[in-house]
């Protein structure tokens, strides 16, 4: 493998190539003193146009600096020697490529043919000359004295003039007509050959000068075009923008189509999963109906009264796969049961029967409701199964002795107790939170309640003040008012109504849970 050229050889070669007039301007824009080169086309470019060529890709144009890069190889140097701005301009013009847009110009058929031609010429020059710095056709790039010297050598070689005629060949071309007359006058026998030979040399020099002038004209024209075009940013044409816009529209359509396909697949998978879920719900509903049918009469009535009897509910239902239907609101069974419980609790005798046994329901929801309404011993489901003691007047505890965690449940039935609070404290000038929530001591509360009752009377007795009402009433008339003071009766009624409110809230929670779980049927 041949050794790579050193830095001195590279600088010498490019100094000579850039001395050619056509290589002193940029090939694309005509800017002066280009310092970059496209090895693919063998042309010299300015720094702006070199950036445009880099954006095209190395498969279209390979760019290197003639001053900064020192890793040139012999094949790349041969491509620059066989190329040149003049040869590239003539080739593109000959094949009808006059486009100014770089993308259009270097993707054309003419650019492809010229790339192949430069590659072939560079390979041939490398195989012929090897590591020699100069090649044969470099003589056309040197100054004009070399052809004249060759012509003079040619004439001296063939005419063999005498020694005294030698000084006549040394002057420049402007003094050549005088020696021609002398030679024609001195050597008469050789007049014909000498005249012909001397007559050909001026023609050759004239032709050479005309070719040089012809080469300068395109360079001047390019300089004018470069001055009009200005910076490289003005090379972008409307065609490139339209092409980019078209590509963007195609990409947008493709993205929309992909999004639509993905959405369609998601909908199909959702419909399939909904069908499976609906089938599972149908199977579960049939199982629950069978369980409910196997219940005995009393338990079945209790389940239907609490809203757990799915068979007795309305047969109107809808599927998740069918169209939606408007379902009219019906009065829940739990509301009727709660109202009936309130009516039953108004009578003291029926209070001993107790609430229904929720442990007997077919859905085994006792633990969930026990955890929802707090773990109170009085409302636990395990305690419901035990035999409840008979409720008497002495077994009723005051509000202050009850568990504090029940107040969270009582807050939910505050709407039912608001009317009682208004009636209780209607005549009071000021009340406290202990009075409102019943957190006062029993004796103090009873004394205050008696004072409030006797505030409007004109005269009072000790029996009225201390609650000794035996003398006022007959012995035969025994009632709840005779057994309990007025304050205790109010507390008893309030306790009964609070219990009824709790039962209503609990029944409502049972109904809501059943509707949430089995409402899709």
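Cβ coordinates come from backbone N, Cα and C, glycine included.
Owing to the predicted nature of the structure, the values given are computational and were not obtained by experimental measurement.
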Under Swiss-Prot, the annotation region 'Disordered' belongs to which of these stretches: 23-82, 143-202? 143-202
Which residue among 319, 368, 395, 477 does Swiss-Prot mark as phosphoserine? 368
Among 317, 340, 457, which is the one flagged in Swiss-Prot as phosphoserine? 340
Looking at phosphoserine as annotated by Swiss-Prot, pick the matching residue from 211, 312, 461. 312
For the feature phosphoserine in Swiss-Prot, which residue out of 123, 432 does the record point to? 432
Of 237, 315, 394, 400, the residue that Swiss-Prot annotates as phosphoserine is 237
Of the residues 238, 314, 364, the one that Swiss-Prot lists under phosphoserine: 364
Taking only the Cα atoms, work out how far residue 513 (phosphoserine) lies from residue 240 (phosphoserine), in Å, as a whole number. 67
Among 432, 433, which are modified residues, the residue with the most C-beta atoms within 10 angstroms of its C-beta: 432
The rounded CA-CA distance in Å from residue 433 (phosphoserine) to residue 240 (phosphoserine) is 83
Here the modified residues are 240, 513; the one whose Cβ sees the most other Cβ atoms within 10 Å is 513
Distance, residue 432 (phosphoserine) to residue 240 (phosphoserine) (CA atoms, angstrom): 85
